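Listed in TrEMBL:
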DOMAIN    5-94  domain 'Ig-like'
DOMAIN    97-186  domain 'Ig-like'
DOMAIN    193-281  domain 'Ig-like'
DOMAIN    286-379  domain 'Ig-like'
DOMAIN    384-471  domain 'Ig-like'
DOMAIN    477-573  domain 'Fibronectin type-III'
DOMAIN    575-671  domain 'Fibronectin type-III'
TRANSMEM  692-711  transmembrane segment
Amino acid sequence: SAASIQVQIRPHYGEISVGASKFFICEVVGEVKIIDWFDPSGEKILPNRQDFSVSRTEDTSTLVIYKANMDNAGIYTCVAKDGEKEAQATVKVTIYQKITFQNAPSPQEFNEGDEADIVCDIISSPPPTIVWKYKGFTIQFSKDVRFRMLDNGHLQIRGIKKTDEGVYNCEARVAARGEIDYKKITVIVNVFPSVRARQAEVNATANVGASTVLACDADGFPDPVITWAHNGAVLESGDKYSLNEDGSELMIKDVKKVDEGEYTCTAKNKAGEKAQEVSLNVFVPPEITYLNNQTASEFQEHVTLTCEASGDPTPTISWSFANRIFTEGEQSMDRNIVVRSHARVSSLSLKDVQFTYAGQYLCTASNSIGQDQQALYLEVRYAPKILGVVTTYTWEGNPANVSCEVEAHPRASVLWFRDGLQLPNANTSNVKLHSSPGLSFLEVTPDFQSDFGSYNCTATNEMGTESKEFLLIQAEVPSVPDIKKVEPFSSTAMIHFKEPASVDGVPVLRYRLEWRIPGGDWTSREFRAEEDSTTFTIAGLKPETTYEVKMSAINGKGGGESSAATTFKTEPLREPRTPKLEARFHNRGNSFKVNWIKQDDGGSPIKHYLVRYRAIQGSVWKPEIRVPSSSDYVLLSGLDWNTDYEVLVVAENQQGKSLAGVLFFRTAAEPTSGPGSHPRSGKPPATPTGRYILLWALFCLFWCFVFIFLADCSSCCLQRCCSSLLPVAALRRTVGRRFCKKDESKEPIVEVRTEGGAASPAGGPTEPNETTPLTEAEFPFHPAHLDSFCYNFTNRPPSADVTLLPSAAANSVAENVSAA
């Protein structure tokens, strides 16, 4: 009857490491009522014991051994019963000790030169084989006798050095199980401190409230703690002393002579300590003890300035005034300035005093340890002296300031006179008086010729009086400018001129140019005068036509006479002049914006610009780009990094093509992309919100074009002529043209933009001149987001002025935008 029940235990063998847990499933085939587990001692295992757990399902029972220990090893039996029917199965459970690091502290510290015992205690069953590694290599004990592995597995280093410091691997292996584990142990080698004084002898200054610093530097590991002592007493931060953060600098405050002596700097760490002495010598700095201000009158016989000073060593005394230094002896050929010194006293004697002697004199006392400097003031009283420009230009109705600058001490009073009458007065309503210290001026607004002439300024103080005549002169309009040369082109002419020879102190504000066909009406234009600008350009001329040109200058008073007319003839209709090119980086280092400055159009409106470019190393020119005449630049994107490029730009009108404007530039080195950056640009990827907004804008833009097209072509559609063609010329004029390639292509992206964002009117582009603004209209979307859209619009010859796409291409555009 027992054969009718079958019992099987999974797994059939159990190996558990100490501290680990494991379960066994007893599976029974046949109907049974009881399934029991028995431990190795034959004792039935009850459910929910602390170290065991037994759970039963319909035909299985699970035994769990929690946190196994060595006592749990043995044979476990599963017994199934149903009345007299019984069957059983057994499983052998083996318990082993995994590799365990019982005592392997990190870090472990030693002093340099010690016999170091690096502790690494390991238990396992069976006992492990221990291997020591340093810097990734197994330590070869036979090659360095300083290294030895002890019987307990510790690593011994005799006479350990600082170079032995680092991370050691204590590695344990149990070959029977193929088990391996390791422990990283950081070894720190403490180094005996060394100490050295930055200066063995320090000089300090006493009795000036100054501080001095004694410093010593210490080495060792760990960083030593530095302390200072003087006369056997340890010094601490307080009112007299101050220590910096690491103690290497001792500041002695308010140094006195009693602070002189020996100071001991001691460095101490775990390995030991060392001391160094620093000597402090205290000296007394110079101090000026007597210095008095002096007062003198101009041309007085003489005045003596005296300075006394103390100090140790005895100081030397010098004098200075403005940028001049006076030393012992006679300072001038006329013997008017003499310096005499004796012991701690010095005198500066000034004879025949002049008003220019007034001011601040510095007395400087110096010795080997410092100097003291103080100022005294020599006050010189003198009669007024009138300075300033005597001539002022103006004209009727234009206010002018006639200035009288006065130097005097004491301060002078200033009066203005004309024809013996003081100004202002009741008869001079056009004269106002303004005064400030040292300056007085008349504001005169001439109404008549009689207002011009001489004005008298008289200054008076207690030392005397000074008068001076100032002239107010009527200014004239500018003289005639001289046209030196006319450089004609087909529709423009460049006028080179020489500025007027005389402007009577009144600057030229503008120049007026006038030109005409002989016998016709004059056309005029005014140009603002600019410094160093002697060239102006007139535009809108007819080709192969004779013109006369003259010019005049205008200042605040008015316009001067015109120069004699100069005749010139414009060139016949011809091809445009060579465009002038310039380039600069655009956004990224591999995108360049190439601008052209429009030159003379040859008398015929420019039809378009032709652009070609190539990488110089490659020598293969990219396909020619045709740019509308209203454009003034082209944007080249997606260029090769760190590459030299050549660009040619040709202007074309009805007469032909200009010579090519040539430009060379070099792209930047490719930047390193950081984490999360775009692989080419190095910029952070667009956020999902930004992409959704862009795609929605693209979708709306496309359907706007479709709506415009349907409205314009409704009659055509009724005749079924729109079923095959879709005009895109308006699209290209609105958003510009972009020549796009798929991502796998290495061709760069080219953008062409026009002034104002639209094509020029049918009348052709406006004639460029020196004031024509160069504007930029931004492309509606970033180029990187239009690839799929542009591909279908521009995968065609780029030279086509008006391109019609078949309806299939139009559908492809719609599909691409919808998919985006």
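Heads up, the Cβ atoms here are built off N, Cα and C, so glycines get one too.
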Tally of residues which DSSP labels helix, strand or coil - the domain 'Ig-like' (384-471): 3 helix, 56 strand, 29 coil
Mean of the pLDDT scores, which run from 0 to 100, over the domain 'Ig-like' (193-281): 92
The domain 'Fibronectin type-III' (477-573), counted residue by residue under DSSP: helix, strand, coil: 0 helix, 47 strand, 50 coil
Three-state composition of the domain 'Ig-like' (193-281), taking helix and strand from DSSP: 3 helix, 55 strand, 31 coil
